[in-house]
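In what follows, a single structure is set out as structure tokens and then discussed.
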Amino acid sequence: MSETPIQATAGPARQRLSLGRFRDLALVPAILVLIVVGALVDPVFLSSANLINVLQQQTELSLLVLAESLILIAGKFDLSLESTVGLAPALSVALIIPAASHGLGTELPAWTAVPICLLIGMAVGAFNGFLILKLKLSAFIVTLGMLIVLRGLQIGFTGGQNLFDLPLSFTYLGSAQWLGLPASVWLAVVAFALGIVLLAYFRQGRALYAIGGNVDAARAAGIRTDRVVWTVLVLGGLIAALAGLLMTGRLGSVAAAQGQNMIFTVFAAAVIGGVSMDGGKGTLFGALCGVLVLGLIQNILTLGGVSAQWIQAIYGVIILVALMLARLTSGKAQD
Amino acid sequence: MSTATDLPPAAGVRLAVQAHGITKRYGRTVALNQAKISIVDGQTHGLVGRNGAGKSTLVSILTGLQAPDEGTVAFGGEPAPPLGDRDAWRGRVACVYQKSTIIPALTVAENLFINRQSLTGGSLINWGRMRRRAGDLLAEYGVLVDPARPAAELTVEQRQLVEIARALSFGARFIILDEPTAQLDAAAIDRLFARIRALQHAGVTFLFISHHLREVYEICQTVTVFRDARHILTSPVADLSQDRLVDAMTGEAVGLRQVADRPAVPDSAPAVLAVSGLGLADQFTDVDLTVRRGEVVGLAGSASSGKVAVGEAVVGLRRPDTGEVRVAGQLIRPGSVPHALAGGIGFVPEDRHREGLVPLLSVAENGTMTIADRFGRFGAIAPGRRRAAAQRFITDLAVKTDGPDQPVAGLSGGNQQKVVMARALANDPVVLVLINPTAGVDVRSKETLLDVVDQAAASGTAVVIVSDELDDLRPCDRVLVMSHGRVVRTVARGWTDNELVAAIEGMTAQSAGQPGGGSDAGSGGSPAGAADVNVDADVSADESSGENSGV
Ligand SMILES: Nc1ncnc2c1ncn2[C@@H]1O[C@H](COP(=O)(O)OP(=O)(O)OP(=O)(O)O)[C@@H](O)[C@H]1O
Ligand SMILES: [Mg+2]
């Protein structure tokens, strides 16, 4: 009797297995191809100014993708992240600036703006968690509702106006340069590095996969499933608020529509990067690759001189095509 | 192997199914290697083999779920239809798969008639008629549930019966049952066998897979043995003693060994697990249970007895309404699995698919999920240390796998069960609660698992085994028998199979001659041992099945 699996000596099977290890890298060739295409479309593409520009523009998106991926892996949803990107900075700024600049009249000290902004994000996540976990409402509809409510709140108290008169501390992170790169790029890199390590090498991170993969089994293994999911939702809100902060700093104002329509791109990047909408599957490295693919495509379209009226339609089509290509290269069904 | 005998069918015998030269690979694993099977029309054909021998893989090929890499399948002499033609497959073969295919969100009735809801071939669904037909069908299997309820509310056993009722009701002439009895109690198995016999009389052919060899002797005329992905032998069951059958399965001429006798636990041993006054509405009332250091206590009873719910309440999967659970004097917070684990309880849940495993995660990760905090500080996991821990349980429990990193979904059913057992043992528990611990585990691996339980007890762990399989209960110092939510009897060590079966069925023992050949009472005991005891009809009538609540 033998307890060892019978080994096939055939070559192809072995090869397939070793390739499987690198499924994470499936998008890397696509990124290389896009870089070549970009260089052919316009030599400016390869200039460091342009590349840094691409990176900086993608930091906010990449942070949202990071947050959404954590939530998706844990088997839940959060559509309201895009509204948090607008509401958290808008509300925290409004609490500080004078009523004349569309403030709320509270005129809190300027240093409180950043912490309040992050706290608002966490509060939104916590409230979503309450509705989803305690009241057991559908995560999809709850966060869709929150998406609309939060955007409505922002428009309500700003009167639909953009907020300009921002404290310096508030715009610092989004506009500073550290070691020749925008600070926001460093932040995104650090956030992804932490996330990748957390998900691969920490019990708390692995708990997300267990919960998303089979919540009953996770519970039976002693994982406090509700607490973990709640934490992830709060963390997601926090990261979205941070993304909003960076975007505000980069643009120098809080637009009434800040973050609007980002969520489609967020989901597309995550799914292209191999994160499953069913939970329990995917990696942050893959999600990051998904962001880069979309960022490069967008940049190439702009450089290629696609007219502003058409860019949205073309971008949407290209995302759908990218989904199909990702399905082909990874060989895995997306769900 | 020299004992291999392959009887060519006598002239004039029609073959319902013939599969030849079947090879199937999954990555590096060869699941079937030039395997074959020929099933004579109108027979019930047994298929046995150790965990991972390739039985379920053959089933998936015979039912058209997968194409073999090599080889041919023929039904009644005609080649099998193409994979895409589901209707053609469905006309030829019906199947109960090892893994549940019940859709929890749909009603019981719709699960039974899925994709043939209209019943008449028209396109309109008559829900009323469908529910009535479903009710009639379920009554034949003693499943007394409202067919309009969602299937999620069914107990594990009821789900299995729904699967069986569905497969048997298609009107197919060939039916495959892959470990249909692993989750059933004795009375339900009896009903199932009665149905199989009746259908066989009407000319239906069966392929029956089970790890309970006694069932094979009882219901099958011919048996085929697979080992290590190959066909080993096919023989009429009457010509094959159980020892030879086990030898063919394991490839060793050892047969089954008798259970080693642990010394009795002294009365002075301290109580480790103390359960008092435990009660849960609709499930059980006023259950007291004390297990001393090193003692093994069985909790037996029919499916409706509430024994599983008691086990789940002890480990925190359910929150009892009354009573308390103490481990070494310390109160365990009711309904909290993390507390139970921290308090030193390890457990095997009833259904490995529902509560035991995360299918996409690796063998190592599943087996060490309860102790993930031990591989580093602040929750960090050193992959090397985890892999080493996994390698240990893979060796100790003889798990058949490519290695610690293989996703657990790629393991055979019995090997998945071993991973669940590993998870239970991982936190060096002082109390072990095992619910149907050997479901789907082959005869030899069952010995391995029960040995592990024995060792745990010998080193001082208090063990509770919740099961109605005699084999599982054999190591017990005493067995508490439950009925309708109460402990009704305590059977001391030294019971005979018939005594215990009678106690479980609530009857006095009656001497029962064994059917079939070659099954000696000492070794292959199983619920089928109850087959000759007349069973009152209401044992599996389960009025309360809020299984998915309270977690
Ligand atoms: N989807 C899969 N991916 C990878 N390997 C698989 C897969 N399914 C089965 N195998 C492997 O094929 C072999 C045969 O498995 P199979 O499920 O047929 O065993 P079995 O005889 O039914 O065992 P059991 O009695 O435990 O149910 C095993 O080694 C298993 O690990
Ligand atoms: Mg199997």
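Even glycines carry a Cβ here, placed using N, Cα and C.
TrEMBL labels come from automatic prediction, so no person has curated them.
TrEMBL has this to say about the protein:
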type     : residues  : note
TRANSMEM : A:24-41   : transmembrane segment
TRANSMEM : A:110-133 : transmembrane segment
TRANSMEM : A:140-159 : transmembrane segment
TRANSMEM : A:179-202 : transmembrane segment
TRANSMEM : A:228-247 : transmembrane segment
TRANSMEM : A:259-277 : transmembrane segment
TRANSMEM : A:284-304 : transmembrane segment
TRANSMEM : A:310-329 : transmembrane segment
Completion exercise
Maximum Cβ pairs under 8 Å to the transmembrane segment (A:110-133) among A:24-41, A:179-202, A:228-247, A:259-277, A:310-329 is reached by A:228-247
Handout entry: Contact call for the transmembrane segment (A:284-304) and the transmembrane segment (A:24-41): at least 3 Cβ pairs under 8 Å, seq gap 6+
Key = yes
Practice task
Please work out which recorded stretch in A:24-41, A:179-202, A:228-247, A:259-277 has the most C-beta pairs separated by under 8 angstroms from the transmembrane segment (A:310-329)?
Solution key: A:259-277
Handout entry: Residue numbers, six or more beyond the limits of the transmembrane segment (A:228-247), whose CB comes under 8 Å of its CB atoms
Key = 59-61, 63-64, 66-68, 70-71, 74-76, 78, 81-82, 84-89, 114, 117-118, 120-126, 128-129, 132-133, 170, 173-174, 184, 187, 191, 204, 207-208, 211, 258-259
Practice task
With a Cβ cut-off under 8 Å, give me the same-chain residues at least six positions beyond the ends of the transmembrane segment (A:179-202) that come close to it.
Solution key: 52, 55-56, 58-60, 62-63, 66, 70, 73, 172-173, 208-209, 239, 242, 246, 249-250, 283-285, 288
